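Here the structure is laid out as structure tokens; the discussion comes afterwards.
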Amino acid sequence: MVYSSGSWRDAYKGMSSDNVKGLVLALSSSIFIGASFIVKKKGLKKAGASGLRAGSGGYSYLLEPLWWIGMITMIVGEIANFAAYAFAPAILVTPLGALSIIISASLAHIILQEKLHTFGILGCALCIVGSVTIVLHAPQEQDIVSVLEVWNLATEPAFLFYAAAVVGAAIVLIVQFIPLYGQSHVMVYIGVCSLIGSLSVMSVKALGIALKLTFSGTNQLGYPQTWVFTVIVLFCVITQMNYLNKALDTFNTAVVSPIYYVMFTSLTILASVIMFKDWDRQSGTQIMTELCGFVTILSGTFLLHTTTDMVDGESKGNLSSEEDSHLLLRIPKHSEDSNGFVQDGIILSLRRQESAKSPRPARQNKQLEDDLEAVPLRRQESSLRS
């Protein structure tokens, strides 16, 4: 496809004033939301120490002031995010959540001692590059003069089909998969958050447009569609927060944040393209550049996820001597504890710090070998008695 110089300049004529306002609001939103992840995680840990953890179905965190501070911080960020959607298209606003990933991963490394690998830092850089690429090629916000226009877009067959598919998938995850895999697979909780979140963003954008028009002198509060969007926003946000709390309480923050960002952003962009037809106002070059930027973000989040697993593996296998490695190879790994391996009721602690500081005495090694050799004999005696 060939473009004239005039059409090329039109395609890259720069950001409108509304897009700039949306950009500033989205950046400030990411800062607040990224910090709120850490504050809420601290509150969840503190509440879980004295009550039933959120990941196990408990709600003791509702009585924890630190969790509420994190929640208020997140609400401030969400308000800024809400306002950003009223001024700019979702394709511009949503990818800037990459900044919240960087903030939450960095603070988790500093405050929560959740180690961030060197390649994780590279992943953060890729997230920034991808976000900047998308921002520079984002579509201009279309001119909407009434909430009825948004309602007409939301009730077109294509978006109704998408909404039905999202709700159906979320119900299947909640009913079938969460009871079985919620505590072991991070994608289950985050899947519910992301699916419902894509609908909440579309409703938030509709409500934001209605309020913006109302404040500018064109009252939209008299339309029932405005209140329908309000109810949808409330329902979706409550659902998102519930399952996001479970994900944060169950899994590492440095893992939850990037995966949630990728899924949420992908589904939100898809919903925006279907409902608001953002790509209809762009050239093929711009669309491909946006997709390349998004793939760059995906690469960054993949690095963050992968290097977190590498750090966990290093911390669990960090033994100082060849004898330690030899002994561990002789232990059938039936189940794994957070600090060691469990075999026939005997917990063999790795004691990473002690082994790193000084070698184990020969007498201690001999005693450990004797204990290991005695395990099969104990099992035989137990079977004979039974």
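Here, residue 1 is simply the first one shown, and the rest follow in order.
Each Cβ is built from the backbone N, Cα and C atoms, and glycine gets one as well.
With respect to the membrane, Leu211 and Thr306 are annotated on opposite faces, judging by the topological domain names in Swiss-Prot. In terms of C-beta pairs under 8 Å, the stretch of 62-82, 158-178, 190-210, 256-276 lying closest in packing to the transmembrane segment (221-241) is 190-210. Secondary structure of the topological domain 'Extracellular' (211-220), assigned with DSSP and counted as helix (H, G, I), strand (E, B) and coil, comes to 5 helix, 0 strand, 5 coil. Highest Cβ contact count with the transmembrane segment (19-39) among the listed stretches 62-82, 83-103, 158-178, 190-210, 256-276 falls to 83-103 (criterion: pairs under 8 Å).
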